[in-house]
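Peer 1: My questions all concern the structure below.
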Amino acid sequence: MDNFVAKADRAFVEEDYETAIELYSKALGESPNSSTIYEARAHAHIKIEDYLSAVDDAAKAIEIDPSFSKAYLRSGVALFHMDEFEAALTAFLEGSQLDPENKLFKTWIRKCTAEFEDESRGDSNAQPQQTATRSAHTPSAAPGSSSAPAPATTSSTVDLTKPMSPSAVPEFEGKYRHQYYQLQSKVNVDVYAKNISREKVSCQFKESHLTFIIFDVDGNEEYKLDVELYGKINPEASRFEVLKTKIEICMMKADALQWGSLEKSSKVAAPNYSTPGTTAPAKYPSSFAPKAPKDWDKVESEISEMEKKGELEDGDPLNGFFKKIFSQGDEDTRRAMMKSFVESNGTVLSTNWADIGSKKVECTPPDGMEVKKFEI
């Protein structure tokens, strides 16, 4: 297990998050009751924007260890990105009670509060228009009719390789709409519907088919998404989650192929299952694209250039360079640098928290020097 975790931590530091997830999963196969591994995998899921899986892993970590504050942080962050602000705030508040010194909880609590304020202002401004839209485009069932006609819906595709802008969100006139996006291993479909109970939803997965239905209060079909899928999925590994503002459907691909669309169509070329390995590699969002190896010659050149421009303090390029790393690094990088420097009496400086977080960093003097202990 420790070997898998160490490799996963290394992959995470190198920003190869999907490899990290695979290795954390292998570690969990050997140690299924480890809250720290679930929390680490949740963190990796957040990095690739798989927030639903992150919530699941954080919940398992909390179930195993209810006092694990970092698991509440991961849960809250994932829920926040899913627009589940109330649930996110609850997670942040519970975590802050367990770790009141962690400033990240206070930061995220403020973000949730700001979202509540924006949401309340938006609801008050948009309410008259929303009412008119629904009355105009949501036909009611005729007397004696066995089912109500489904309202108009729209479908859209999100290109994760480009930043999202307000204009990228499609306009729609129906009560419900859906959009999909894909990663290398899965396809996600978001059906936007507010305050729908799980009892009013049906979702069936087949190898090449998705059937999703929302029922009204009388049990009639109010919305139906019946799709012959572009590619094949693994029905047993696929799932859906009912959230406050939407239903998130996660379909695990049977093969790591790039889908040309959500639905199978004569206008879009079918996937080629006969020649694996010839498909183009999946495009990743820029936030988690695999990173190239560090070019240390280039780093040295940048340091020299910074020194010439006077951007480094005290004329010491390394000192300024490390300050830059510390100021721009994440929480674990800063913790690793502080811990290694203090415990080693200034002889070791590490940025890898996964490597030094659970052990003491020994004093390692330069060659030709030795450690001497002084009694005071």
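Each residue, glycine too, has its Cβ placed from N, Cα and C.
Checked TrEMBL, it gives:
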REPEAT    35-68  repeat 'TPR'
REPEAT    69-102  repeat 'TPR'
REGION    117-165  region 'Disordered'
COMPBIAS  135-157  compositional bias 'Low complexity'
DOMAIN    283-376  domain 'SGS'
Peer 1: From the DSSP assignment alone, can you count helix, strand and coil residues within the repeat 'TPR' (35-68)?
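Peer 2: So the repeat 'TPR' (35-68) is made up of 27 helix, 0 strand, 7 coil.
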Peer 1: Which whole-number mean pLDDT does the model give the repeat 'TPR' (69-102)?
Peer 2: 90
Peer 1: Report the DSSP secondary-structure composition of the repeat 'TPR' (69-102) as helix, strand and coil residue counts.
Peer 2: 27 helix, 0 strand, 7 coil
